[in-house]
Amino acid sequence: MQGQRIDVVSVKPYPVFLGARLEELGDYLTTRIGAGEHLLVITHPNVGDYYLDTLQKGLGSFMVNTLIVPQGEDEKSLDRLSDLTSEAIACGADRKTVVLALGGGVIGDLAGFFASVFMRGMRYVQIPTTLLAMVDSSIGGKVAVNHAAGKNLLGDFYPPLAVWTDFSTLETLPWEEMLNGLAETIKHAVIADEELLSFIEKHQEEIMARKPELYKELSSRSSAVKVRLVSEDETEQGKRMFLNYGHSFGHALEAEVAYQGITHGQGVSIGMVAAAHLAQERGLMSSGEVERLIKLLKGFGLPVTVRAKNPRVLTDLMGADKKNYKGQKVLVLPKGIGQGIVIRDANDEEILRAWDKVIE
Ligand SMILES: NC(=O)c1ccc[n+]([C@@H]2O[C@H](COP(=O)([O-])OP(=O)(O)OC[C@H]3O[C@@H](n4cnc5c(N)ncnc54)[C@H](O)[C@@H]3O)[C@@H](O)[C@H]2O)c1
C-alpha cells in the first residue's frame, strides 16, 4: 500500500491508513480477517453512487451486502439503528460480520454504534469520505446516535479494526462540506500544532483551489494531531478535551437555531474566535495571535462574527454542554498558537464579554 500508516494507542490499538485506495481494502482485509468473511457496507445513496463500485472491485473474495441509509444528521437515530438491525438480520449478518462504514461522520458514528451493539459487538472499518471524517470523526473510536434530548447522547468508545482513508474521495465533496473539515483542521492547528497553522496560511490559495496534493498533506497532518491526542487520552479525561476548542460556543450557536441555518464549521469558526477573545482577556493569547486566527478563518470565507444574537441565551445554552462538570462550564482555550488549556473556572460575565466580541 502507498501512503502512510499511523497507529492509534487504544485498549484495542488500530491503524489509520492515510492515502490508501478504496480498491485495495479487500487485500488488507484478506490478510487481517481472512477471505470469505461476510462484509456489510453501510453508506449513503450519493456516496454509494460515487464509490461503491471502486470499493467492491477489491472485495471479490468476500460475501458483501450493502445497506443504504438516507443522508442527514436525523439518520443518527434509534429508529435507523432498529432498521439496520432488521436489514442486517435479513442479510444473514452475525457477530463475525465486519461492517464497512463508507461515508462522512454521520455514517461513521451510526455504523460504528450499530457495530458496537449488534449481537453485543462486531468489528468495523471506518472509510471516511469527508474531510471532517478523515481528520476527526473516524479517529478516536467515538460512536453515537442522537436522541430527542440531545446530540450524540447514546454512544460508546468503540475502536474500529482500522481507518482506511482514500483522499481521492474528496474530489466530489461539496465546498461547504470541505469547510466543515477545514474548521476542524484549523482547530487542530491552534490547540496542538503551530507548524500546521503556518502550513495552512502558506497554502491557503491552493487549498481553496482544491489541489489534491495539498489535501493529502493537510489531512495527514491534521489526522496526526487527532491520533496523538486520542492516543494520549482515549476516554477524554484530559488532553482529548482540547478537541472541544470552539465547540462549547459553537454548539450554543447551532443549538439556538435547532441546527438549521448554520453549519457545524461556521459554528466552530465563530466559537474558536469567541474562545480566543476569552483567552486574550486572561492573558493566554496576544491580540496579534487572535488577529492571525481571524484572518485565516476569514480567508476561507468562514464567519468570525454573528448578527443579532442574545448573549445571555447563548451563555445559558452553553450550560447544557456534555463536557460541563457539576454545573460548572468547562471550556477549552488556546494558549498562544499550538497549545490548548482546559479551564473549569470560567464565569458567565467573561463568557458574556466573549460573546459580545463576536456578536454584531
Ligand atoms: N465520532 C466523533 O468523534 C465525531 C467527531 C466530529 C463529528 N462527528 C459527527 O460527524 C457528523 C458530521 O460529519 P460530516 O461533516 O462528515 O457530515 P456527513 O456525514 O453528514 O456528510 C456530509 C454530506 O456529504 C456527503 N458526502 C460524504 N462524502 C462525500 C463525498 N466524498 N463526495 C460527495 N458527498 C459526500 C454526505 O452524503 C452528506 O450529505 C456529525 O453527526 C457529528 O456529530 C463525530
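Glycine too: its Cβ is placed from the backbone N, Cα and C atoms.
Database features (TrEMBL):
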- 67-178: domain '3-dehydroquinate synthase N-terminal' (DOMAIN)
- G105, V106, I107, G108, D109, T129, T130, K142, K151, T169, L170, E171, T172: NAD(+) binding site (BINDING)
- 181-324: domain '3-dehydroquinate synthase C-terminal' (DOMAIN)
- E184, H247, H264: Zn(2+) binding site (BINDING)
Other than E184, H247, H264 themselves, what residues in this chain have Cβ atoms within 8 Å of the centroid of the Zn(2+) site's Cβ atoms? L132, D136, N180, A183, K187, G246, G250, G265, G267, V268, G271
By DSSP, what is the split of the domain '3-dehydroquinate synthase C-terminal' (181-324) into helix, strand and coil residues? 102 helix, 1 strand, 41 coil
Judged by the number of other CB atoms within 10 angstroms, which among T130, T172 is the least packed of the binding-site residues? T172
Note the mean pLDDT of the domain '3-dehydroquinate synthase C-terminal' (181-324), expressed as a whole number. 95
Diameter of the NAD(+) binding set by C-alpha atoms, the set being G105, V106, I107, G108, D109, T129, T130, K142, K151, T169, L170, E171, T172, in angstrom: 29
CA-CA, which of the binding-site residues E184, H247, H264 lies nearest L170 (NAD(+) binding site)? E184
I need the most crowded of these binding-site residues: I107, L170. Count other C-beta atoms within 10 angstroms of each C-beta and give me the top one. I107
What three-state secondary structure does DSSP assign to T130 (NAD(+) binding site)? coil
With helix taken as DSSP H, G or I, strand as E or B and everything else coil, how many residues of the domain '3-dehydroquinate synthase N-terminal' (67-178) land in each class? 49 helix, 32 strand, 31 coil
Quick one, of the binding-site residues K151, H247, H264, which Cβ has the fewest other Cβ within 10 Å? K151
Any same-chain residues 6+ apart from E184 (Zn(2+) binding site) with CB under 8 Å of its CB? Would you list them in sequence order, or say none? L131, L132, V135, D136, S222, G265, V268
